[in-house]
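Trainee: Take this structure first; my questions come after.
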């Protein structure tokens, strides 16, 4: 039984998320807080269409051109809380015919009789929720009591079994102790605390996303420095890796499952895409092994790899932009971020006791160790792709949708930009531009 839910998304269509196509059980949930990024006409439409018990909240955006871009859910059950971080907006088109990513894990209530346990995941989650500044509201949870739903409520759950770290962005000018709490500086800080195999020294980086900001070479080096943080087991720095950007070509979009319409969700203008210095970074979206070649990516991922081995892997809402990741200012003493973003970082020490706990599987929720073999050890697991081959047992195969190493563009390949004219017809006989109802207000 789902008791309460907090949903975080940029765009939402209520008729879809509570429909039989998505989550009809939502109609039975007494209280739903929706944190969104909409305004003007769409917001007015949402207010008219929302169920009476649903609360809408748009978090503050103190810096111009910022957005609320995170996608996540916090689902409260009698047994605990389910945390979901994903890349799709809560609209039909995002969950149909695109490549998306989703991570989730369940966490039990803390034991009131034991010492309160905190961890990095909990601190990161509460810090992020606090910045959203939603209006507190009271709820009665059956058999559990009355609670005020505010960020500190989520301290009541035990996150010590978390298999990921949260990497978030919030808008503001961050300095002092806050400099390393958000954006690419948060990722840099977490990676600096980690040790990696020697095979990842100077190993390449991959940036894969669906919208490209207005970038320059100085910021690209700043960003790569954060992505390249960390040391080997003998304390040698990994060194800055050479990045490649996986980005669909015009032909990829034209021949995709949606045809040119898919390009409306890859919304980068020509002025950003065709900067000369970017040419050396372009690599193709190839996903034969996962069957996703024609499903255009709305997923956003960043990783460091060697062959089919991964040093780390980040699934996030953040595209490649200064607005999402932040840009250092004032002699690197301040990080300016415009938008809200949220992602999960997989590291090679991910399996912990209790990480199989479930809020909805009675057998696992009643097992102190979540149905896993009893052990007090945190195992160091190797991260690999689905194409990895070997006989090592302590590996985690992550469903990386694209092929590694990425294949650089050929001379004939043209990176997609959504404000160009394309006269060659797509798989539906359409040309571009044309009208596409990507974020339509009409419920289906």
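Cβ coordinates are placed from backbone N, Cα and C, and glycine is handled just like the others.
Note: TrEMBL annotation is automatic and uncurated.
The following feature annotations were taken from TrEMBL:
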{"type": "ACT_SITE", "residues": "69", "note": "active site, nucleophile"}
{"type": "BINDING", "residues": "71, 300", "note": "substrate binding site"}
{"type": "ACT_SITE", "residues": "298", "note": "active site, proton donor/acceptor"}
{"type": "SITE", "residues": "321", "note": "site 'Interaction with DNA'"}
Trainee: Counting other CB atoms within 10 A of each CB, which of the recorded positions 69, 71, 298, 300 comes out lowest?
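Mentor: Per-residue Cβ counts within 10 Å for the recorded positions 69, 71, 298, 300 bottom out at 298.
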Trainee: State the count of C-beta atoms found within 10 angstroms of the C-beta of residue 321 (site 'Interaction with DNA'), not counting that atom itself.
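Mentor: Excluding its own Cβ, residue 321 (site 'Interaction with DNA') sees 22 Cβ atoms within 10 Å.
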Trainee: Cα-Cα separation of residue 298 (active site, proton donor/acceptor) and residue 321 (site 'Interaction with DNA'), in Å?
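Mentor: Cα-Cα, rounded: 15 Å.
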